[in-house]
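Here's what TrEMBL has on this protein:
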| type | residues | note |
| --- | --- | --- |
| TRANSMEM | 35-54 | transmembrane segment |
| TRANSMEM | 60-82 | transmembrane segment |
| TRANSMEM | 89-107 | transmembrane segment |
| TRANSMEM | 119-142 | transmembrane segment |
| TRANSMEM | 149-168 | transmembrane segment |
| TRANSMEM | 188-205 | transmembrane segment |
| TRANSMEM | 217-238 | transmembrane segment |
| TRANSMEM | 244-263 | transmembrane segment |
| TRANSMEM | 283-308 | transmembrane segment |
| TRANSMEM | 314-339 | transmembrane segment |
Amino acid sequence: MAEAQSTQAPRRLGEALRRLRQNFRPRARLSIWRLRLVFGLTLLTFSEIVVWQNPTARAWYEWLVLAVMYVALGGFLLDVIVRFQVHTPAAIGLACGIYGLLSGSIVNHGAFHNMPIGLIVRVLGLQVGAAFLALMLFMYVMRGKMPPLLALGCAALVGIAWGIWAAWYPAQPSIGWEVPARQTAQLYLIIPLVALGALYAFFMPRFEVLRELSLSLLWWEMIACGVPLFLSLLIGLLNNRIPALELLLPAAIFAFCLWALHFQQPESDPSILAQITFSAPSLLTYVLLVGPLIFFGILAFDAASGAFFPVGQLLYVIVAGFGSAWLPFASGLIFWAVLRTEYPVRRRRRVK
């Protein structure tokens, strides 16, 4: 008996290693990684520039590090959407919340500026909103269909918000950022969006069928995406840019979002990413959505001036209100939907 067990152990280990090697297929995953790369750069553009996190203060090499970070975050966001079958507005909000908490805590540390105001405004407000906007742009472009008028109107509103925020927020005495010049702000907005359009047009996989589950992370992809984020967290803790005690609050909200997503996870419904399983990115769709953002953003930046610009103060209140309200609202919708559908089923089972 002992000899049989001793011979079976190496055999089981060999089978496990063989399965790991079979799952390690980097060449077969190139199309998926091209998609993740462009999605990650879309997140970078919205999280650092569209919501204006003082990009003019960053050195060129910092953008390379940020690109790696946001590609990793994009991979995790797509994985969360597929793994928890995210398709309802409330679940989308929670998935974007997970991204926003990671981005605002580990990457740009906005959560720890004047806590808890920074957590509400710059993370739960701006970063969550940036994730939602980047995801919607990604979905519209990858489906290759013409965007509705509502989407075009929202793009114009986002441009107006960018112009007001980029001109007003850095001028606040408590922020301490350099107020960007008009031409500088325009270049920081236009160049990344044009480069992003070129990536959608020429780099993304075209006319390919992608399985929805293929967008989730394999074991080695989880390691590849997790290592840079873990290193960023570790470095931030060591140089005190991430206060350990203040990190507990974003971590608790992060855990709650994961639990709520698991709580609402349906049995068979596909995620919203099932809509892009046929990859057909449309440059025209991208131009139609980004064009109003740039045009109205430039106009709004010219109109916004001064630290006490009243529309800027109103926008700040709107962002703070959104950051305060979306989590309890999304959680309430999820719990209500689960109670309405699951509780009667469980009650009938008890009666039987």
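The backbone N, Cα and C atoms fix where each Cβ goes, glycine too.
All TrEMBL annotations are machine predictions without curation.
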Report summary line: For the transmembrane segment (149-168), the candidate among 35-54, 89-107, 119-142, 283-308 having the most Cβ pairs under 8 Å is 283-308
Report summary line: If one takes Cβ-Cβ under 8 Å and requires six or more residues beyond its ends, the residues near the transmembrane segment (217-238) are 20, 23-24, 29, 68-69, 71-73, 75-76, 79, 102, 106-107, 109, 244, 247
Query raised in the report: Where among 60-82, 89-107, 119-142, 244-263, 283-308 do we find the most Cβ pairs under 8 Å to the transmembrane segment (314-339)?
Result: 119-142
Query - For the transmembrane segment (283-308): best-contacting stretch of 60-82, 188-205, 244-263, by Cβ pairs under 8 Å - result: 188-205
Query raised in the report: Are there residues at least 6 beyond the ends of the transmembrane segment (188-205) whose Cβ is under 8 Å from a Cβ of it, and what are they?
Result: 31, 34-35, 37-38, 41-42, 44-45, 49-50, 55-56, 141-142, 162, 166, 180, 279, 281, 283, 286-287, 290, 293-294, 297-298
Query raised in the report: Which stretch, 60-82, 119-142, 244-263, tops the Cβ pairs under 8 Å count with the transmembrane segment (89-107)?
Result: 119-142
